[in-house]
Amino acid sequence: MPRPIEALIHAEALTHNLARARAAVPDARVWAVVKAHAYGHGIARVFEALRAADGFALLDLAEAQQLRDLGWRGPILLLEGVFEPRDLELCSRLNLWHTVHCEAQIDWLAMHKTHQPHRVFLKMNSGMNRLGFRPAAFRAAWTRLHALPQVDEISLMSHFSDADGGRGIAAAMQVFDDATRDLPGERSLCNSAATLRHGADAAVRADWVRAGIMLYGSAPDFPSHDIAHWDLQPTMTLRARLIGTQDLQAGDTVGYGSRFTAEAPMRIGVVACGYADGYPRHAPSGTPVLVDGVRTRLVGRVSMDMVTVDLGGLPQAARGSEVTLWGRASSGAVLPIDEVAHAAGTVGYEPMCALAARVPVRLDAAG
């Protein structure tokens with residue numbers, strides 16, 4: 001038999017989370033962000049569940065081609081734009097909208113020969129200091145683009161650095177508003193955190209929001225708020241089985257480095273999942289896990305192919321018992337990926353995207 005581990009992608013949860021994005025910004029359009037292999041879920045698996053979105057946003061031309069091959073004829077936005085001049089040919093052929101964040105991309109457009117003008121999203125660096133034109137240079141970039149026959153419509157966009165935290169978005173909004181006040185074009189500002197926390201403000205939600213991590217059942221501002229607060233549902237479950245048990249005496253240690261020591265007699269279970277499956281290697285003892293739908297904890301260091309869990313209070317647990325590393329147990333109990341990631345010192349995005357190729361993935365169309 002195959003190794004007892006699998007990941008499930010819950011289609012109904014994806015559809016529910018997209019509906020939550022729409023509810024937060026009822027008069028704006030929603031990009032479903034499917035970059036990074038749809039946050040580890042797989043574009044082909046999430047497409048049908050998310051096709052009610054107004055458009056799909058991603059980074060990779062191959063992923064854009066995949067969406068067209070799946071039958072999507074609506075807008076596709078390249079969030080980082082093109083990486084070399086010849087990419088513009090594929091943008092023309094696939095009818096892709098693309099971000100412009102630097103002078104080189106404008107130069108390439110000026111040299112591009114096309115009969116189909118491009119729809120571009122001009123990006124401002126409003127304080128994130130990754131991609132985008134600084135406010136003082138933004139208007140000149142817009143003027144250059146506006147003069148090009150290769151460019152049709154110019155939308156204006158930025159990305160908040162602190163929409164999920166206490167610093168908030170007021171300063172970035174002021175920078176953006178000051179630099180774009182009399183420029184025409186649609187606006188796109190909100191990521192998931194801004195959509196949920198600030199979407200009630202018409203100026204913030206603007207014309208397009210970019211819903212990413214919220215679609216996949218992770219709270220963008222965890223631990224300030226969890227998925228229950230935002231009415232989001234887990235879309236990925238990582239599930240394995242117990243493949244063995246051990247009875248420990250007080251003083252016995254567990255795993256590499258003897259990081260866990262039993263303080264009293266206890267029983268532990270060995271789970272067919274490790275960091276080679278995408279489980280966070282730095283998850284410490286105490287990280288939550290579900291065994292037969294009951295919450296318990298990790299004990300000892302995460303190994304390549306195994307983790308060990310506390311079976312105290314679980315007398316029925318035995319070889320073959322279901323272990324939910326994150327997501328939804330067969331019993332209906334839920335362990336949000338955010339809790340696991342937080343215990344491991346990271347965020348929910350990372351274990352989603354780190355799901356290993358060796359883990360079989362199954363689409364749960366009914367869940």
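Using the three backbone atoms N, Cα and C, a Cβ is placed for every residue, glycine included.
Taken straight from Swiss-Prot:
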ACT_SITE  K35  active site, proton acceptor
ACT_SITE  Y256  active site, proton acceptor
BINDING   R130, M304  substrate binding site
MOD_RES   K35  N6-(pyridoxal phosphate)lysine
Checklist entry - Considering the recorded positions K35, R130, which residue's Cβ sits among the greatest number of other Cβ atoms within 10 Å? => result K35
Next on the checklist: Considering Cα atoms only, can you say which of K35, R130, M304 is the nearest neighbour of Y256 (active site, proton acceptor) among these recorded positions?
Outcome noted: M304
Checklist outcome for this item: Integer Å value for the Cα distance linking R130 (substrate binding site) with K35 (active site, proton acceptor) is 17
Item to check | M304 (substrate binding site) versus K35 (active site, proton acceptor) - Cα distance in angstrom | outcome: 27
Checklist outcome for this item: Three-class DSSP assignment, K35 (active site, proton acceptor), comes back as helix
Item to check | Cβ-Cβ neighbours of M304 (substrate binding site) (radius 10 Å) | outcome: 11
Checklist outcome for this item: DSSP output for M304 (substrate binding site) maps to coil
Checklist outcome for this item: R130 (substrate binding site) falls, by DSSP collapsed to helix, strand or coil, into coil
